[in-house]
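Lifted from TrEMBL, the feature list:
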| type | residues | note |
| --- | --- | --- |
| SIGNAL | 1-23 | signal peptide |
| DOMAIN | 42-167 | domain 'VOC' |
| BINDING | 96, 114, 163 | Zn(2+) binding site |
| ACT_SITE | 163 | active site, proton donor/acceptor |
| DOMAIN | 173-302 | domain 'VOC' |
């Protein structure tokens with residue numbers, strides 16, 4: 001009983017400290033929404049759970065051309081983690097792979113779509129994947145008859161889908177995350193207002209019964225990572241599964257970022273699920289929320305993130 005009371009006291013104290021910290025960083029509503037547009041932001045990483053870490057790393061490095069940036073085992077917590085990407089974490093968007101001991105399969109669900117990878121030679125990449133026994137779900141070809149965009153689809157060993165896009169050289173080869181949404185205009189407005197993203201492209205495809213929007217930072221669709229928001233006609237529900245976890249985005253101030261998100265959720269939906277806090281184990285300030293469709297985002301302090309990366313080097 002004494003231990004329970006002590007634990008309860010610690011929880012209350014922790015929540016009080018979070019509330020006090022947020023109060024100390026209060027900013028007027030209009031100011032914080034304008035500040036979001038000027039914040040220094042970029043996509044840091046997307047987190048997914050995998051059933052076989054070694055085979056996943058092998059596929060991403062040998063078939064997709066990524067690099068293994070780090071790998072660590074946490075036996076006491078019974079999980080392992082690896083970071084893969086096309087360049088260093090301090091400058092590139094990467095994938096964070098988590099393997100939980102004893103779990104060999106995850107449900108990806110119907111809501112998560114795919115990741116996108118830009119490549120200069122899509123045909124060679126696809127043939128390399130095929131030669132290594134990979135799954136090609138769409139052969140390389142134009143998006144439509146006479147179209148100029150060449151793309152293909154492949155699957156990793158866990159069932160995650162990757163769209164390969166034929167493009168000139170780009171600083172961010174890991175270039176897209178597709179998330180299905182139930183209201184495209186609401187989703188666009190949410191990411192513009194709450195996260196300061198720009199609408200880079202929007203189009204409707206009545207023939208194939210879907211609408212799409214690309215949102216992200218910067219102004220050039222082919223030079224940055226984007227969220228690909230897709231609305232499928234007449235679909236009223238998606239399953240999230242337990243494979244895809246969240247995307248992390250850097251910010252110069254998690255307190256102002258959280259304040260902006262909280263304001264926007266009041267109008268458009270969504271919820272702050274972790275108020276701004278600094279984790280003692282990493283000294284990284286972070287806040288987390290879900291958007292109106294339930295997709296999770298972590299907002300991570302830029303300076304803390306870089307300091308943590310430097311410690312690992």
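Cβ coordinates are placed from backbone N, Cα and C, and glycine is handled just like the others.
The average pLDDT for the domain 'VOC' (173-302) in the predicted structure is 97.
Remark: secondary structure over the domain 'VOC' (42-167) totals 21 helix, 57 strand, 48 coil, with classes taken from DSSP. Of all the Cβ atoms in the protein chains shown, 20 others lie within 10 Å of the Cβ of residue 163 (Zn(2+) binding site).
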